[in-house]
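Undergrad: Quick paste of what TrEMBL says about this protein:
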{"type": "DOMAIN", "residues": "156-293", "note": "domain 'EamA'"}
{"type": "TRANSMEM", "residues": "6-27", "note": "transmembrane segment"}
{"type": "TRANSMEM", "residues": "39-59", "note": "transmembrane segment"}
{"type": "TRANSMEM", "residues": "79-99", "note": "transmembrane segment"}
{"type": "TRANSMEM", "residues": "111-130", "note": "transmembrane segment"}
{"type": "TRANSMEM", "residues": "154-174", "note": "transmembrane segment"}
{"type": "TRANSMEM", "residues": "186-207", "note": "transmembrane segment"}
{"type": "TRANSMEM", "residues": "219-238", "note": "transmembrane segment"}
{"type": "TRANSMEM", "residues": "250-269", "note": "transmembrane segment"}
{"type": "TRANSMEM", "residues": "275-293", "note": "transmembrane segment"}
């Protein structure tokens, strides 16, 4: 079962990105039906707190999520998913500057992480921004579809999404340090959801004075907030916190491009958004970039596993071991740890008689 344990974080992050893709698609529809992005953030974390708080009795979330969903509302789901792929690049830069990711240009593994990050981000961004000829749904999308977006607030939406990526990258870096002395991921997730609910409520009261904005008008809006809160926040925060503690922030950030791939495919199949040749080329770049970066990370992970499993790395062979006999500090037996293969107490010792 060792192989399953080593691939469990990968499977967890694949699940995370699939859920995030569903949130991006469903919330886009809810926003276009009239739901406020700020009210949605409050409801989302309220649902998440209700679900996760009873299980564990015991932030960058408020800023990050408000910026993301505001940008999603002003731009589109494809642009939001593409801009999210700035997170690996920003995370890698911050982690390298903070000394959490070692960068050695002479090392092939380090170069693989750098090149893979560039390929992965470039491929994912090109999926949504470099259109090219249409390949699918060229005439299926109606002219007045609810998924059609105007370009009046396009730049503003992209700026919001860029700010979201920066906030999320900083959050990943901070959490990697935080989990070194706080291993309880469940209590952390509950606390984050609770604080995000309070903070986002205050922000919404200041920016959304209309009391009617708090009303949930349809079953779609309720289901969207419930799904985003219970699965998208309560469950995924716990999974992501666990993955960060095991593999570090860059490992989690590198799975963000899959978010773009899933959104593009499902939006074309379910919401009849167009598929362009740039999307196909970009998705290929995403897959190649992911494999290159994981190859660069593989050596670091294997070194950690060797250190944890090798008994020689647990004990220094030249270190003295002091043994207290009968609890007395005046009588001590000293030996070298390289002699521990021989019994400490022989059959002729007083304690065996």
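Including glycine, each Cβ sits where the backbone N, Cα and C put it.
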Undergrad: Can you say which of 79-99, 154-174, 186-207, 219-238, 250-269 has the most Cβ pairs under 8 Å with the transmembrane segment (6-27)?
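TA: The stretch with the most contacts is 250-269.
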Undergrad: Between the transmembrane segment (79-99) and the transmembrane segment (186-207), are there three or more C-beta pairs closer than 8 Å, counting only pairs 6 or more apart along the chain?
TA: no
Undergrad: Please work out the helix, strand and coil residue numbers for the domain 'EamA' (156-293) from the DSSP assignment.
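TA: The composition, in the requested order, is 116 helix, 2 strand, 20 coil.
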